[in-house]
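Pulled from Swiss-Prot:
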REGION    2-222  region 'Substrate-binding domain'
BINDING   D110, D218  Mg(2+) binding site
BINDING   D110, D218  GDP-alpha-D-mannose binding site
ACT_SITE  K162  active site
REGION    245-360  region 'Hexapeptide repeat domain'
Amino acid sequence: MKALILVGGYGTRLRPLTLSTPKPLVDFCNKPILLHQVEALAAAGVDHVILAVSYMSQVLEKEMKAQEQRLGIRISMSHEEEPLGTAGPLALARDLLSETADPFFVLNSDVICDFPFQAMVQFHRHHGQEGSILVTKVEEPSKYGVVVCEADTGRIHRFVEKPQVFVSNKINAGMYILSPAVLQRIQLQPTSIEKEVFPIMAKEGQLYAMELQGFWMDIGQPKDFLTGMCLFLQSLRQKQPERLCSGPGIVGNVLVDPSARIGQNCSIGPNVSLGPGVVVEDGVCIRRCTVLRDARIRSHSWLESCIVGWRCRVGQWVRMENVTVLGEDVIVNDELYLNGASVLPHKSIGESVPEPRIIM
């Protein structure tokens with residue numbers, strides 16, 4: 001079985017992290033976002049993953065070729081010369097996707113969840129039509145485009161954009177299974193699968209919705225990235241608690257790479273991820289943060305709701321909060337306060353940032 005993952009965007013919502021690394025390779029809970037998806041696909045029996053790429057494609061190709069042998073699957077690149085939306089990439093990869101009559105997965109690369117791929121295959125084969133989409137329930141459907149479907153069969157009747165009166169609380173979760181016949185519906189041009197292809201399929205009775213059980217998050221922007229981390233760590237607590245850290249100073253769900261080092265009298269957690277080579281010095285407090293590879297947090301600093309990029313250096317007695325994001329290789333000098341700062345890569349911060357802003 002095959003899968004196409006849409007990884008061609010510029011990752012603008014996740015800047016400054018994506019200024020130096022393509023978004024699919026940004027580490028989420030100590031593993032690239034893309035690798036969470038590819039490993040789950042391989043475990044579900046997918047043997048060929050196609051990446052619809054454009055921005056920084058050479059970096060992606062190098063990394064995924066290294067993973068190809070480890071996972072024992074084929075990974076191909078489909079290069080977009082111009083942005084093709086969410087349906088155009090399927091037309092571009094038509095020859096690869098239609099090599100067999102088997103249905104194939106299509107994934108949005110921003111999504112993190114429990115990835116129920118085997119259940120999706122069973123659901124798709126059971127109803128026997130052209131398309132299946134995964135849907136998830138939300139508390140405020142008026143903020144989203146919602147899916148209106150039959151409760152018992154899942155057959156989709158229509159899509160409603162940001163409804164002001166309640167019609168459904170289910171939204172598109174960004175994961176699909178499609179039969180090769182769908183490729184005949186798509187031209188090689190910029191096209192939205194959600195707005196131009198799916199509504200027609202729904203009218204023809206060819207599209208069904210399967211409801212996702214468990215957590216789901218689009219982690220394409222920093223505040224949602226942190227929320228997604230919290231949900232992922234809670235899922236680990238329930239399913240693989242042995243992967244989480246415990247011991248003196250560890251509070252709640254905390255994921256620590258074996259090569260990371262934590263000093264004395266620290267308070268780490270709840271909801272913290274520390275990547276490979278991270279050093280946390282004595283007396284540091286970290287809550288609801290992710291700290292990426294080879295970063296160092298010096299003594300007595302306090303971090304809450306932050307993303308600390310690769311190889312950053314945070315000084316002593318620093319306070320950072322309110323979705324502060326440090327790009328790669330940022331230095332924060334001692335005794336500073338950063339409130340909602342977004343700092344571009346390779347910057348040195350010498351004064352406090354009391355109000356949210358971008359540091360260029």
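Indices start at 1 and increase along the chain as displayed.
Each Cβ is built from the backbone N, Cα and C atoms, and glycine gets one as well.
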Within 10 angstroms of the C-beta of D218 (Mg(2+) binding site), what count of other C-beta atoms is obtained when all protein chains are considered?
18
For D218 (Mg(2+) binding site), which DSSP three-state class applies?
strand
Within the region 'Substrate-binding domain' (2-222) only, compute the mean pLDDT.
86
Is it possible to list how many residues within the region 'Hexapeptide repeat domain' (245-360) are helical, extended or coil according to DSSP?
0 helix, 49 strand, 67 coil
